[in-house]
Amino acid sequence: SSGPCCDRCRCTKSEPPQCQCQDVRLNSCHSACEACVCSHSMPGLCSCLDITHFCHEPCKSSGDDED
């Protein structure tokens, strides 16, 4: 099973930092998200409103295998 991941994460410069994932996903949020909000469109565009002290790993694979 894939763990939580986030490609676009923003953090404040405070200590500890306050980070939020700004990814938009179809119909769901990452697996660790507690506050997931989705639009009423089809498919739903969902974003996670959680504030954490860290960023999850990026979702995109590190290797360029999109050929």
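Including glycine, each Cβ sits where the backbone N, Cα and C put it.
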Swiss-Prot annotation, disulfide partner among Cys38, Cys48 for Cys46: Cys38
Site with most surrounding Cβ atoms, counting all protein chains shown within 10 Å, from the disulfide-bonded residues Cys5, Cys19, Cys21, Cys59: Cys21
Secondary structure at Cys46 (disulfide bond), reduced by DSSP to three states: strand
Secondary structure at Cys36 (disulfide bond), reduced by DSSP to three states: strand
Number of Cβ atoms other than its own within 10 Å, given for Cys38 (disulfide bond): 16
